[in-house]
Amino acid sequence: MQREPIAAADAGQGASAAAEDERSAPARDSAGYHAVSVLWGFGKCVGSLLPVYLAGYFGFSVTLVVLGLLVYTGWKHSRDGKKARLQSAMYLLENEQEATITRLFRSKRDLPAWVNFPEVEKAEWMNKILQQAWPFVGQYLEKLLVDTIAPSIRAASAHLQTLSFTKVDLGDKALKVVGVKAYTEFDKRQVILDLFVSYAGDVEINVEVKKYFCKAGVKGIQLHGKLRVILEPLIGDVPLVGAVTMFFIRRPKLDINWTGLTNLLDIPGLNAMSDTMIMDAIASFLVLPNRLTVPLVANLHVAQLRSPLPRGIVRIHLLEAENLPAKDNFIKGVISGKSDPYAVLRVGTQTFTSHHVDNNLNPQWREMYEVIVHEVPGQELEVEVFDKDPDQDDFLGRMKLDLGIVKKAVLVDEWFTLKDAASGQVHLRLEWLSLLPSAERLNEVLEKNQNIRISGKTADPPSAAILTVYLDRAQDLPFKKGYKDPSPMVQISVQDTTKESRTVYGTSSPVWEDAFTFFIQDPQKHDIDFQVKDDDRTSALGFLSIPMSRLISSADLTMDQWFQLEKSGPASRIYITVMLRVLWLNEDAILTSPVSPLPEEGDVESEMSPGATRPPPAPKRPEHTSPDSNFASEGVLRIHLVEAQSLIAKDNLMGGILKGKSDPYVKIRVGGLTFKSHVIKENLNPIWNELYEVILTQLPGQEVEFDLYDKDLDQDDFLGRVKVSLSELISAQLTDQWYTLNDVKSGRIHLVLEWLPKVSDPSKLEQIIHYNAGQSYLNKTAPSAALLFIYVERAHGLPLKKSGKEPKAGAEVTLKKISHRTKVVNRSTSPQWDEAFHFLIHNPVEDTLIVKVSHSWGQTLGSLVLPVKELLEEKDLLLDRWLSLDGAMPETQILLRAQLKLLDSQLAQNEESTGHVIPSREAAAIRELRHRSVPVQGGEDAGSSEKAQVKLSVVYSSEESRLVVVVHACRNLPSSSKEPPDTYISFILLPDKNRTTKKKTSIKKKSLSPEFKERFDIEMSLKEAKQKVLELCVKHSVSFMSREKELLGKLQIELNQVDLEAGVSQWYDLSHETN
């Protein structure tokens, strides 16, 4: 009894002690946590200062430290942004109703009773199933990664033998199906479901490679998109569905939060690249036209389910845009510029980029694209407009349009307002082309396509059909060397396009089940070529060629059969399904009501009234033209064909016993044009002195080709060839040189080639015309003074035909005898042509441009007479406005641009600055060939002398160590009979004991003023040349029995009195006595 109080007291003491221990424990934990936090803070400070210390210790530049801080700051910003977006997405999924109400009405009240969304249904039951099953999905994924994928990776690479998944956790946030939309009205044997999926999960997957001490992983993923599920074919047996096909109609939105070593992927620049690569991998098998097909029953044609025949083709005409925002500002926005817009068009994985138009807020592209439409409704056309910049392109706006609208309307030609931009509209013409399984309308389609004008130098012509090839399987392919099974793949070639199948490894009976689609311009002209090869692409296993003409004659334009392979095994064959479909625009089904683009996300008004349409903005009448950026970019190449020398003699007589000469001429080929010089008889050193001018577009790889031939009665003989790069000519502007002839033993040609500078200074016109007037060429070509560019854009208010119908209008532009015609626009009083032309102008003061608009080149609808001299009064020689047409209604006008560019030759500038001094042998020849006036011997004017004269050029070429004598012509020769003499000239350099320097020209029949234009080269030193006397005789070729005088005149020139290095070229008086 006495022990009880003692026990009680002990118990009380124990309780109090325990209470004290409990009170002291948090204090100890708090102190320990504080100590750890202090140490952690100290460690972070040391870690932050350590790079700075090390940089100073090792003498690194401060720039490296600053660069590292910038990279870290960018990484931190990107990382925090991803976390914020992930947390926001999680909150939105958890509080969907509250967030939706707040977003729509900015207050937490219930939705009105009249608001409903009949097309998209909620799928809460599906979300509950997913949420309940999510942990088990995580268990399955963990087993899959740890037991299956990790061993496969370790076996694939020796460097990854220590790889392991250290953590696989899908988290608590399950994939959610935001809405479901079902389609059952298209095909009774299929069910189409659109699942709007959204996943913002706290998934965590970590990977470790112990060998390299590497850790990496993912902690948080966002994925949002529309997944289409097709249940087909429906069958009358369990499981009722033959296969399930899944794909994303558009690329889903993806955001990944990396951990470990993959944190580097969050560095700015790498983060977008990494996400894009992952999206490309997803798109390669889950975004249209790629599909994931899971067969549920046997004996299904999986290839046709994976790649079915397209629903149709949409031909997109990207025409123009207007009122785009100006993004190119200067001096930090003080000076406002314009933009250099281009457009990016997307339909699924099909992407097209237009050319950019420099410095234009109202660009005109006039480009055409053709896209394959696999699913309607659902697939969208997305157009984004950007401003081209050297660094990062600026965004100018976007629009979206469901292609199901185009299918319903057949033809949509409207202006669409750009979203996410302050202003701007884009003009599109969209055509829905149906697929016809018959060739009855093929010729009609080909004829229509010929009338479609395509802008752009690299644009493809419109297609008349599409070809779909299903590559199923092959059997009994031949073995490789060593009797090993091949790894076959197939290359399919149509027109200029080649596509490859996947490779099936280690079998002679591969199953590919691949599908391919080709656009065909003209099915009547092409074949389908199949090459079965081993995976090394060099060992051929078989060939097959199917003419499309054979396919056209087949029923339903389809061939579905086995084909025997050529150059293969005796039993080698391949099973292929080939289908051709003609592209047909059903004009009878075209609707005229306007359409609206797709509503953007957050567009509440559009979401609540999906059937409403907004009329497109009425396009205003432009004040000025909007030509392509390449307008007026062409230039003029002036070709002066001077002479040739040392050509090969091709005209041999008596079987080659007597050597003759040649009758040379030149063919000039450039820019698709061919010019031919006149033929010079019996001359191996011909002088042509001919001029040619050609308008060229600066394209890479162009050449100017000169081919020399000997004119014969039967087949002309080849005398040599020269090719000159156009790009080199443009860089040099002016070249004056001799070119050695290729592919022959001897010969060279003298050319003066000039890429004429284009100027807009009217003050230079008088100098240009004066220089051109002083030029003379044997082919009677007058040099051009200017280049006129014409851009005919559109007309307005044309009169109706006499029958009251709208005209088929075309415009014809004429200058002198040269005319160009535009296309004919079908049935319109306001036609739009958008075509450019150019003309060479010899005298802008005298020439006149005539523009005539007519109906199908018959009934005149109006005309315009525009003297070119009016452009000389315009600023920059440019006229760009509406002009009234004569002979039409008062409101009838045409919008055109006329731009004049003067051709300012460098030779004209040189003549102006240097006068008539002959600086070199080549310049002397050129000046003399162009008949520039020079004083005669004795100071008399050339035109005032009545004496017999001869014109010579004498110059010494130091480069070639030879004396050059050019005999040009004679005039005022005497005649001892009624008929003019048959004249020739001979000369010799005295003293010359062996008469090796004696030369003789050809004979000119019956002429008192013969033109020879023959050149003679005599090899000797300059010192020797100055010791010579040139003795020249002009003679009449007579028979030995004739009584007529042979000598018509004589001349001697002491060469030590001539400046041979500078050269001399002039007329000399002839006499019978020595001068």
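Cβ coordinates come from backbone N, Cα and C, glycine included.
TrEMBL assigns the feature region 'Disordered' to one of the listed ranges (1-23, 323-345, 829-851), namely 1-23. Looking at 119-297, 448-575, 615-739, 761-887, the range that has the most CB pairs within less than 8 A of the domain 'C2' (944-1068) turns out to be 615-739. Taking DSSP states H, G and I as helix and E and B as strand, the domain 'C2' (944-1068) has 8 helix, 60 strand, 57 coil.
For the domain 'C2' (296-416), the DSSP-based tally of helix, strand and coil residues reads 12 helix, 57 strand, 52 coil. Across the domain 'C2' (296-416), the model assigns an average pLDDT of 85. Note: the domain 'C2' (448-575) comprises 14 helix, 59 strand, 55 coil (DSSP; helix = H, G, I, strand = E, B).
Counting residues of the domain 'C2' (615-739) by DSSP class, helix then strand then coil, yields 10 helix, 57 strand, 58 coil.
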